[in-house]
Amino acid sequence: MKLLLVILLISILFLLFKLFKTLKINLSVTLICSLIIVQIILAPNICIQYTISGAKLFFNAIFPSLFPFLVVINIIIGYDGIHIYSKLLGNLICRPLKLPKECNFALLVSVLCGYPLGARYTCDLYEKNIIDLNSCERLLNIASNASPLFILGSVGTAMMFNPKLGYILLLSNILSCIFMGLIIPSKDYAFKIKYRGSNFSKAESSSLNIGIILKNSIEDAIKNTLSIGGFIVIFSVITGIIKDNVIFNIVINKLSLIIGASSNFIEGILLGMLEMTNGCYLISSSHSNLYVKLAVLSFLIAFSGLSIISQVYSYTYKYTVSIKKYITRKFFQGIISSILTIILYYIFLNISSIFTFNNMSLYKNCDLYLIILIILIIPSLLITIIKLFHTS
């Protein structure tokens, strides 16, 4: 049975490779989905196992924290909380990032709760004509970070067994979002003209009573949490199918021998590009150097993976927002976050060894030179990225 599966997979992959240049997107998706269906039919236990695993993750970890948060946030929005927050914190938070002050609400939600709520409330602002398209695209990448609970609790404490490492990852993740706000071009005046014609009405929100607002808030929270749960379950199944695939394991082992890295490390990078949580777990359990693991973890957390990107796209698809531009910027954000993580790691955890000259070894000297080299490269890298964004 396994031999037949391998032959079938090789045949489909060969056909896909041959027709890649002429295939349309619908045919490509059909072939990939057919491949998944074949795998599910031949190994239904794997599908059931990872479906239950994804459902447990959603109901035990995601739903209890996300649902009440969404209900409360929707009530705040129903009573014109966006306008109130923009008056209180708008200039303080948004002005340095060259964003309209009404964007502070989406930024706060993203920092507190993480993916994909920043994208959801960014699209709400755009749909209500509170921000323009340029501000929406910029805000999508700035209000785009993992939740502190995931970074500090799941990654730092549960996976890396060191809360300090979690704080380094959290700080680098937030700083990378700020960097994106500084390097992505803005169009302030276009927003000011558009906002005067905004259809956002305070009278509309004040005319609703608490019963209607609470009902709408709960219905919206249920819809969004179940949608996120669906993404978690389906990507859990896809990840499980890939992990238990014979060809994938052969490729991982070959890459491990060629590169000289552990199979867990390579598997974590590849699967982390698909689904962030599983990739972070595999990276943390590998036997690579600590600073290398932190750099890769930081990249995966900032990039977020195809699962999170799909959740973001579920909010942006009905607008003229470029998902390709979003993915490109997320990739650069991951690189920036990795560089910041390495710098913060050596500053906060190795500072004593760097300045203890009596016991300094050649390896530590190399670490110090590496830090200096990275600091010297950063300005050139940022200039290149800024030029890339301004010309795109």
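Each residue, glycine too, has its Cβ placed from N, Cα and C.
The transmembrane segment annotation in TrEMBL covers 28-48 (among others).
Summarising the annotation, TrEMBL assigns transmembrane segment to 57-79 (among others).
Summarising the annotation, TrEMBL assigns transmembrane segment to 167-186 (among others).
Outside the transmembrane segment (225-243) by six or more residues, the chain places 36, 39-40, 43, 46-47, 49-51, 53-55, 57-59, 62-63, 66-67, 70, 116, 267, 271, 274-275, 278, 306-307, 310-311, 314 with a CB less than 8 A from a CB of the stretch. Residues annotated as transmembrane segment in TrEMBL: 225-243 (among others).
Through the fold, the transmembrane segment (255-274) approaches residues 235, 238-239, 242-243, 280-283, 285-288, 293, 296, 300, 303, 305-307 of its own chain, all at least 6 residues removed from its boundaries and within a Cβ separation under 8 Å. Here TrEMBL flags 255-274 (among others) as transmembrane segment.
The annotation transmembrane segment is assigned in TrEMBL to 294-315 (among others).
Look at TrEMBL and you will find 335-356 (among others) tagged as transmembrane segment.
Here TrEMBL flags 368-389 (among others) as transmembrane segment.
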